[in-house]
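Swiss-Prot lists Arg65, Thr66, Arg115, His145, Gln148, Gly274, Pro275 with the feature carbamoyl phosphate binding site, giving sequence analysis as the kind of evidence. The L-aspartate binding site annotation in Swiss-Prot covers Lys93, Arg178, Arg233 and is backed by sequence analysis.
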Amino acid sequence: MHNPQLTKDGKLKHLLTTEGLPRAILNQILDTAESFVGVAEREVKKVPLLRGKTVCNIFFENSTRTRTTFEIAAKRLSADVITLNVSTSSQSKGETILDTIDNLTAMHADMFVVRHAESGAAHFIARHVAPHIHVINAGDGRHAHPTQGLLDVFTIRRYKPDMHNLRVAVVGDVLHSRVARSEIHALTTLGVPEVRVIAPKTLLPQHVEKLGVHVYHDMREGLKDIDVVMMLRLQNERMNGSLLPSAQEYFKCYGLTPEKLAFAKPDAIVMHPGPMNRGVEIDSAVADGKQSVILPQVTYGIAVRMAVMSILAGNSE
């Protein structure tokens, strides 16, 4: 079956999910991102790869961090950037998604960065855009958030280059997390031998083992001999009903404290896709501690998004 993210000759056309992306393309994105890391240190933080191109950030769902890093990434590539907060624009007046897309296409946009609360929205848009337009999924419902998954993997690779001897633990609200799915698909494709998920049963999707992960419900047991600890935000806004007794109870069992982190390897790194709930899924002593690479993740996010945009622009037919 043809992958809708790829051109007929196997190049990247859209970035919608890490699921099903060939290892060669994942490595191409990570290697290209490596070349962009130094751009932020230059006096002139620009490269001309997207000069003359227009990138539209279309956010049907709010996100300060993701929107800002995509904006910075596009501007560092010298693109013209339009940011549309659709919740306050024509959508709220009854315009459909396709109307919005058609209007932006008529303005000769070249790339759409789309965030939407509905799973599958980015795939839907990619199916309906003009042939010259590239679509990047900036998060769709619970489904996928590929650039976040890739920037997490990029961060892991910088601190732990030997991906074939790694144990990674993803901890927390896996059920509602599009980041967890994107990250797990990327890690397993890149050959990481052991990915664990640690969560209460109520916060795990059905048949999660099919993703190729080992499931743990006890934090201390799950963190034993781990190299990378990825904490997930407790997503209160996506929860229906009482999946948890209380935030305090959750922190007691699944919050990452120095005491729990001691079960991982002494040189383990701690990650979080943000925004953090301090005192819910992570203790401040850990978030601000020497094993935390949470702020470098944000920095690398710009390089990874620059890489994705430049590869897509280079693959224009």
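Sequential numbering from 1, following the chain as shown.
Yeah, the Cβs are placed from backbone N, Cα and C, and that goes for glycine too.
A quick note: this is a predicted structure, and the numbers were derived from the prediction, not measured.
Shown here: features listed in Swiss-Prot, placed on the structure.
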residue	record	contacts (Cβ under 8 Å, 6+ apart)
Arg65	carbamoyl phosphate binding site	Gly274, Pro275, Val298
Thr66	carbamoyl phosphate binding site	Arg115, Ala138, Gly139, His145, Thr147, Gln148
Arg178	L-aspartate binding site	Gly139, Asp140, Gly141, Arg142, His143, Ala144, His145, Gln148
Arg233	L-aspartate binding site	Gly172, Asp173, Ser177, His272, Pro273, Gly274, Pro275, Met276, Asn277, Glu281
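The record gives Arg65, Thr66, Arg115, His145, Gln148, Gly274, Pro275 for carbamoyl phosphate. Within 8 Å of the mean position of their Cβ atoms, the other Cβ atoms in that chain belong to Ser63, Ala138, Gly139, Val179, Pro273.
With the fewest other Cβ atoms inside 10 Å of its Cβ, the least crowded of the binding-site residues Arg115, His145 in this structure is Arg115. Gly274 (carbamoyl phosphate binding site): 16 other CB atoms within 10 A of its CB, across all protein chains.
Most other Cβ atoms within 10 A: among the binding-site residues Gln148, Pro275, that distinction falls to Gln148. The DSSP secondary structure for Arg65 (carbamoyl phosphate binding site) is helix.
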